[in-house]
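Written out below as structure tokens is the structure these notes cover.
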């Protein structure tokens, strides 16, 4: 299986999984034209679309893609029904595509119906967990987001994190604001600055690596707790919520 991505809008990625025979699936097509053009240019055969949630930068191209490829399956949670979904998914579902099993995880927090798709070694998690960060939390659903991130971070360390936005640099800058003396994050920040200047991507990342650079996965770290004014006895969730609120105001 080959993993590719198509850049759209200002910082979105549409992920593509492709097998050796040229059949493919795509995840969260926020636009239609660049996706259709790439599929036609590469002579791929689109089999399915997977949607993680209902925000327009993840779903905006779906209906036109369906018009162009009317036989495809479109999977998504209930909140994405208006975007042409013909197969509603929920937590615990198993989907077989391209001879691979995709497990559906309910990962709310960013939206109330957000889902993620796991097919070893890939986790397509939309706007839940980002490299060095996590998605915005709406309607004060911090506990839901915390639990969703726990689901993703509990996957094997070798799992490839395929999130939907190129936010890594900004997230690392926030991490340095919180932990200015973390040399590992400092070095990685410099590396990402160089990659982005060269027109390269920071994604995908690995779960094991995220546990080092992503403060939202370091909620039991006493250095993190101290840096945001919490006692060492506080809960991991308290750390998560404080970090997320700080990130909201920082950015």
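Each Cβ is built from the backbone N, Cα and C atoms, and glycine gets one as well.
Around residue 53 (Zn(2+) 1 binding site), the same-chain residues six or more apart in sequence whose CB sits under 8 Å from its CB are 77, 79, 80, 110, 111, 113, 114, 115, 126, 127, listed in sequence order. The Zn(2+) 1 binding site annotation in Swiss-Prot covers 53, 55, 110, 127, and the record cites sequence analysis as its basis.
Cβ environment of residue 165 (Zn(2+) 2 binding site): 11, 12, 13, 127, 130 lie under 8 Å away, each six or more residues apart in the same chain. Residues annotated as Zn(2+) 2 binding site in Swiss-Prot: 57, 58, 127, 165.
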How many neighbouring Cβ atoms, not counting its own, are there within 10 Å of the Cβ of residue 127 (Zn(2+) 1 binding site)?
-> 24
What DSSP gives for residue 110 (Zn(2+) 1 binding site), in three states, is coil
In chain order, residues whose C-beta lies under 8 angstroms from the C-beta of residue 55 (Zn(2+) 1 binding site), counting only those at least six residues away in the same chain, are 111, 127
